[in-house]
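Straight from TrEMBL, the features:
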{"type": "DOMAIN", "residues": "B:86-299", "note": "domain 'ABC transmembrane type-1'"}
{"type": "TRANSMEM", "residues": "B:26-53", "note": "transmembrane segment"}
{"type": "TRANSMEM", "residues": "B:90-111", "note": "transmembrane segment"}
{"type": "TRANSMEM", "residues": "B:123-141", "note": "transmembrane segment"}
{"type": "TRANSMEM", "residues": "B:171-195", "note": "transmembrane segment"}
{"type": "TRANSMEM", "residues": "B:229-250", "note": "transmembrane segment"}
{"type": "TRANSMEM", "residues": "B:278-300", "note": "transmembrane segment"}
Amino acid sequence: MMKRAAQWLVPAAVALVAVTGCGGSSGGTGQNTANNGVGGPASNGQTITLRISWWGDQTRANLTQQVIDLYEKSHPNIKIQPEFTGYSGYQQKLTTEAAGNNLPDVMQMNYGPMISQFSSQGLLDDLKPYIDSKQIDVSKIDPQLLGTGVINGQQLGIPLAENALAVLYNPDLLQKAGLSDPKPDWTWDDFIQMAETVHQKLGIWGARTLDYTFTPEYYIRQHGQHLFSQDQKALGYDDQTLADYWQINLKLIRDGAAPTIDKIQQIQGLEQEPLAQQKAAFDLRWSNQLTALSNNGKLPLKLAPLPGPDADKGMYLKPSMFFSISKTSQHKAEAADFINFFINNLDAAKILKTERGVPVSSDIREQLKSSLSPLDQETFDYIDYVSKHSSPIDPDSPPNYSQISQTLKDVDQKVLFGKETPEQGAKEFRSKAESLLK
Amino acid sequence: MLATKTDTIVPPAPGVRSRRKKNDNLTGYLFILPFVIGFIGLTLFPTAASLYLSFTDYNMLGSPHWVGIENFRQMFTQDDKYWQSVRVTVQYVFTAVPVRLVCALLIAMLLDRITAGAGFFRTVLYVPSLIGGSVAVSVMWKQLFSDKGAINALLTAVGLHPLPWLGDPHLALWTLVLLAGWQFGSPMLIFLAGLKNIPRELYEAAGVDGANAWQKFVRITLPMLTPVILFNVVMQVIQAFLAFTPSYIISNGHGDPLDGTLLYVLYLFRNAFEFFKMGYASAMAWVLLAVIALCTALIFRSSSYWVHYESESE
């Protein structure tokens with residue numbers, strides 16, 4: 001009996017979710033598009049519950065909750081129910097909710113694969129009407145940035161903050177190793193040489209091992225190519241470029257200037273990162289992670305653009321995340337009002353600071369300037385610099401992106417564990433990615 | 001109510017008796033109704049649905065799209081990650097099951113000797129099995145084996161090199177095997193019951209004939225335990241095939257490093273909830289079901305060669 005139960009357990013568990021999925025899709029999404037179209041927030045005294053969902057760590061949860069409290073105070077008829085998880089489980093959660101026809105009203109969405117996946121299934125509402133009726137005021141947002149939330153001609157997301165790739169570095173460690181801060185026009189050769197000097201002089205890592213999620217794409221872009229072709233149906237670079245990227249990483253590891261991949265595997269959480277522990281002087285990341293890695297400013301970290309040559313071609317500004325409204329939401333006007341509050345209210349911005357990135361509204365940025373902490377000032381200045389020294393972001397929206405990204409990770413591990421040469425790795429990634437792109 | 005009252009006064013007519021029987025049946029059915037509803041709604045229907053989905057392309061957001069045996073074809077001929085997960089799982093089953101059973105048998109034999117405080121030790125030793133599958137223990141395990149964790153501190157203390165337990169593709173699976181070995185509680189209890197059932201006279205007779213402890217173990221304990229061993233092997237093999245939580249937690253949910261801990265069910269889960277290939281994942285589940293059924297059948301088939309039943313020899 002137990003044996004049989006055990007045998008059925010796995011398919012049953014998988015199917016359980018699947019079955020609710022069937023029910024959900026036959027029920028039909030998008031029935032409610034007609035309700036609650038454009039109109040002012042409900043004011044008939046009834047309490048409305050808005051569900052708002054995001055991914056992030058505890059710091060983000062605390063800050064977002066403070067903004068929610070602030071909003072509830074000025075909107076006594078609205079009760080906000082927050083839902084948050086870490087990034088790794090976030091899309092699973094939303095997908096399951098979508099299958100059950102139970103998406104939250106407001107959802108944090110990521111640029112690229114996540115928002116394309118949800119938009120391709122018609123789960124997100126077009127926000128154009130709310131913009132036109134000024135319920136969401138976007139007049140202070142850079143049009144190009146706002147445009148990143150447009151998919152197939154529909155405004156499906158409102159960017160919340162701006163982000164860029166950055167080299168996070170520890171100026172104290174550089175100074176101890178007899179080095180000065182990196183110049184904006186530095187190159188990969190400078191980067192390698194500085195990292196190795198730090199390693200030799202101080203006996204720590206020079207840099208953290210480069211991460212596969214964004215560094216290869218930056219390297220490809222700075223060489224005038226793109227990860228995906230324009231139509232998103234093929235790869236858009238030479239194998240040699242990707243192989244060259246891996247050579248940089250391998251050289252750092254071989255010379256002891258960066259941790260081996262098995263050390264990287266064992267890092268559990270940002271606080272254990274070598275840079276946060278002062279065991280490395282450089283780390284390539286998203287600029288908004290400065291808050292977390294500097295332990296909220298306790299470690300005097302700074303930001304520099306990624307190494308060149310032609311960093312301008314590789315660098316780009318990224319909407320660090322969007323807020324979207326689900327098509328099935330019953331309270332779209334209220335959801336739109338909350339989004340507007342989130343991006344345009346000064347008190348909310350004072351709470352959020354740069355945790356999600358630099359605020360999108362130029363008014364807010366201007367008004368915050370006087371009260372910035374050194375940490376936020378660093379981020380503001382950096383994003384300002386990047387906005388003048390970068391190229392537009394790539395669309396990166398092939399349907400199987402999550403699997404392609406997984407494939408890049410697998411090959412990256414093989415190369416860094418020494419199971420494959422960079423050339424073999426580039427070839428393997430091409431053959432696997434191309435079959436996923438078809 | 002009325003029927004029962006007449007019952008007590010006059011002998012029941014045949015018709016009344018059958019009606020009462022019917023009533024009894026109805027009561028019985030009512031009692032099992034919650035289970036039946038649960039079985040149909042939560043087991044039978046989802047299972048049937050997953051069988052259907054295994055022949056479809058289904059991303060959970062749209063509607064399923066019939067593709068015939070394409071999922072199975074892709075699984076067997078194109079997906080080398082699938083075969084990697086099969087390799088890892090086979091390796092895991094063939095190591096974790098023996099490790100756990102040997103631990104269980106050794107501890108059971110020790111407990112069999114102890115008379116004072118046996119109940120206490122039994123309870124304490126069973127605790128890991130109760131909590132071992134939980135997320136909390138997996139997280140603790142990850143800490144123990146991390147770069148600067150307790151295990152490496154111990155290794156350093158006795159003058160050995162610390163090992164990259166979770167970072168090395170070959171070592172990482174062993175941390176899972178050790179975790180499985182540590183949860184020896186339920187096979188231990190079953191072994192213990194089996195040991196208690198071995199007649200003491202056999203040992204006494206062997207002792208009189210001059211057999212030593214090892215001979216007693218090999219000639220008496222093991223053969224007499226074979227029915228219990230069979231049961232434990234079957235149960236543990238099934239459990240090992242289905243292992244998920246530890247590899248999910250310890251490998252950051254990905255089967256890291258280098259897919260060294262990518263157990264079958266973990267890869268199934270990733271297909272379903274990370275790549276949103278629910279049809280493919282359902283197909284994987286049905287293949288797993290078939291493999292487990294086959295393994296169980298093979299073990300049972302083999303049992304006639306090695307399992308010793310007391311009644312046969314009489």
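The backbone N, Cα and C atoms fix where each Cβ goes, and this holds for glycine too.
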Does the structure show the transmembrane segment (B:278-300) and the transmembrane segment (B:123-141) touching, where I'm treating 3 or more Cβ pairs under 8 angstroms (sequence separation 6 or more) as a contact?
no
Beyond the flanks of the transmembrane segment (B:26-53) by at least 6 residues, Cβ under 8 Å:
64, 278-279, 282, 285-286
For the transmembrane segment (B:90-111), I need the partner stretch with the highest count of C-beta pairs below 8 angstroms, choosing only from B:123-141, B:171-195, B:229-250.
B:171-195
Checking distant contacts: for the transmembrane segment (B:229-250), what same-chain residues at least six beyond its ends satisfy Cβ-Cβ under 8 A?
89, 92-93, 96-97, 100-101, 104, 133-135, 138-139, 141-142, 145, 166, 172, 175-176, 179-180, 186-187, 190-191, 222, 261-266, 269, 288, 291-292, 295-296, 299-300, 303, 307
